[in-house]
Amino acid sequence: MPVSGFNTVVIGQSSVTPSVPSPSSSSMTSTSPSNSSTPSPTSSLPHKQPQQNGLHPSDDMDVCNGLGKPSSTSSRQLLQDASDLNLMDDFSNHLSISPKPPQRLPSSEREKAEMSSCLSMFDEWTTSRQSDFVEQIIVRMSFHQHERLYSILIPMLQRDFITALPGKGLHHVAYKILSYLDAQSLCRAELVCTDWYRVIADGMLWKKLIERKMKTDPVWKGLSVRRGWGCYLNAQNTPPSEVSIHDYFRKLYPCIIQDIRNMEDNWRNGRQTLTRIECHSENSKGVYCLQYDDKHIVSGLRDNTIKVWKKDTMECLKVLTGHTGSVLCLQYDEKVIVTGSSDSTIRVWDVETGMMLNTLVHHCEAVLHLRFNNETMVTCSKDRTIAVWDMKTPSDIVLRRVLVGHRAAVNVVDFDDRYIVSASGDRTIKVWQTNNCEFVRTLHGHRRGIACLQYRGNHVVSGSSDNTIRIWDVECGSCLRLLEGHEELVRCIRFDDKRIVSGAYDGTIKVWDLKAALDPRTPATSLCLKTLSEHTGRVFRLQFDDFQIVSSSHDDTILIWDFLDSSPPDPMETDEGDLGDEGATGRDPSQPIVRRHSSEEPDSPTAEDGNFSLPNEENGSPSLNDGENLSLSDH
């Protein structure tokens with residue numbers, strides 16, 4: 001039996017079950033060293049326990065002697081074990097009376113809790129701090145982690161925002177975004193998914209793309225009028241087909257592209273539909289000047305008249321009379337026609353009624369050329385002067401300044417807001433400031449008198465009786481290119497962003513590649529794209545646009561060279577791959593189609609050249625011996 005106040009200790013077994021000591025026992029054990037009745041621990045051990053712990057049965061240990069110290073090493077060890085067991089007993093007592101601590105979470109749940117806490121803290125940070133933190137995380141990641149991160153980011157960055165916008169009632173935003181696409185991108189967008197196709201169709205984006213092209217490109221605007229599809233852009237007019245409006249404009253777009261491509265090929269290859277107007281002047285033959293628009297052609301003739309033609313039917317609408325000499329130059333706008341004549345006068349006519357509104361008498365010889373724009377008019381004369389006029393109204397035209405400096409007749413003049421540019425029979429081109437009429441510079445290069453020029457942008461293109469064409473930089477005065485090919489005097493010239501068109505006394509019209517001419521690496525032999533030879537007399541004047549050339553000649557005819565195919569591609573009947581098939585016209589594409597219109601009964605188109613005074617070669621340069629047109633003297 002164990003003695004009261006001591007713990008029962010089983011030595012050598014795997015489990016130890018200490019008993020809870022009483023307070024009195026604990027006190028006695030710790031404070032009464034004189035108590036010598038403490039039983040030996042061996043009295044409570046099992047029979048074989050000493051052998052299991054390495055103790056012989058005859059080795060008795062006194063747990064403590066009268067002085068409270070162990071009597072041997074074994075006794076000291078047992079005493080230490082007992083002391084440790086007492087500490088364990090005290091810890092057990094503490095556990096039995098203290099509250100039970102929370103259980104530790106499994107690792108997976110603990111990680112989730114920690115991650116949730118981190119994300120909550122991350123959400124509270126500013127955007128900048130979040131970005132910095134993520135950057136620090138990324139630089140600590142491995143390459144394989146970067147690959148996984150990339151696979152996560154790509155779908156996030158490629159979200160289908162177009163489909164999401166209509167779902168939120170933002171259809172107009174989706175339309176607006178896709179409306180900035182070009183045709184190729186719009187085709188690709190239609191193939192993304194049915195939702196994108198529906199947005200494009202509902203937004204009429206192909207129609208809007210065509211409308212945008214019409215506003216920025218004059219070729220598209222002209223085609224809308226020439227082909228007639230422009231009227232379907234109006235909401236009140238619908239295309240004459242069973243397909244939807246979206247499908248119509250979607251198929252129309254590639255047809256327009258093919259139409260333009262065919263027209264450019266026709267320009268390069270000289271294929272055109274030719275329309276001839278026989279003017280049949282009464283007294284003397286020759287059409288010296290002309291201008292046209294979409295509806296009318298206005299021509300000035302050697303028989304002192306101005307004739308207005310209806311462009312689609314080529315019918316002569318009215319004849320304006322009043323000049324007493326040949327009409328050498330003209331220009332008109334939506335209100336007035338202004339003409340200059342060999343009778344030295346300038347006359348202003350009402351464009352609608354044909355009534356003469358004003359007559360200006362200033363030059364003492366033939367008025368060879370004139371231009372007007374923005375309440376300013378500039379005229380030039382055989383009297384070697386240039387007159388600058390303030391043109392507020394047709395009846396209120398006042399002379400502002402007279403420019404002198406040329407040593408021969410001033411044959412042509414052109415101007416804009418910066419410069420007035422004039423050319424003369426003295427072989428020079430002079431540049432003047434428009435606002436104050438001060439002289440700027442002289443361009444030298446032509447070997448003989450200059451008959452024509454056009455000034456546009458930073459370039460001046462001139463034609464001369466030395467049979468050449470020169471391209472000039474108006475700012476520095478240098479000659480950029482020399483074009484050769486005409487066999488006689490270059491009488492008229494016009495140019496745009498792509499090409500130069502010139503007419504000469506050799507009866508030909510030449511088309512030149514302007515972009516190639518401005519490239520010094522282009523060989524001179526490849527600059528002339530095509531030569532047109534339908535006039536039977538000298539070419540006096542021409543005008544052109546992207547679709548056609550209109551020219552007039554000494555042969556008393558006006559020719560319209562139309563480079564647009566006569567049969568347009570049908571968006572409802574023609575596949576995209578078959579657009580613009582020249583074989584469908586049933587004609588030789590190298591030969592022009594000729595249509596004849598006349599103000600009288602048609603007769604032979606051959607001009608009566610014998611009635612026209614050929615240029616003399618006095619002083620080595622040509623001039624008209626009647627003094628009506630050019631005055632090109634050699635100095």
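Even glycines carry a Cβ here, placed using N, Cα and C.
Residues or ranges marked as compositional bias 'Polar residues' by TrEMBL: 1-13, 45-55, 613-635. Look at TrEMBL and you will find 1-76, 91-113, 565-635 tagged as region 'Disordered'. As annotated by TrEMBL, compositional bias 'Low complexity' applies to 14-44. The domain 'F-box' feature in TrEMBL is assigned to 173-209. Positions annotated as repeat 'WD' by TrEMBL: 280-319, 320-359, 360-399, 403-442, 443-482, 483-522, 532-562. Annotation comment: TrEMBL describes 572-581 as compositional bias 'Acidic residues'.
Within its own chain, the repeat 'WD' (403-442) is flanked in space by residues 365, 368-371, 373-374, 376, 378-388, 448-456, 460, 462, 464, 472, 474, 477, 621, 623, 630-635, which lie at least six positions past its ends and keep a Cβ under 8 Å from the stretch.
Using a Cβ-Cβ cut-off under 8 Å and counting only residues 6 or more beyond its ends in the same chain, the repeat 'WD' (532-562) has close neighbours at 218-219, 222, 226, 263, 270, 272-281, 285-292, 297, 299, 309, 488, 491-492, 494, 496, 501, 503-511, 592, 605-607, 609, 612, 629. A mean pLDDT of 97 is what the model gives for the repeat 'WD' (320-359). For the repeat 'WD' (280-319), the DSSP counts in helix, strand and coil order read 0 helix, 21 strand, 19 coil. Note: the repeat 'WD' (403-442) comprises 0 helix, 22 strand, 18 coil (DSSP; helix = H, G, I, strand = E, B).
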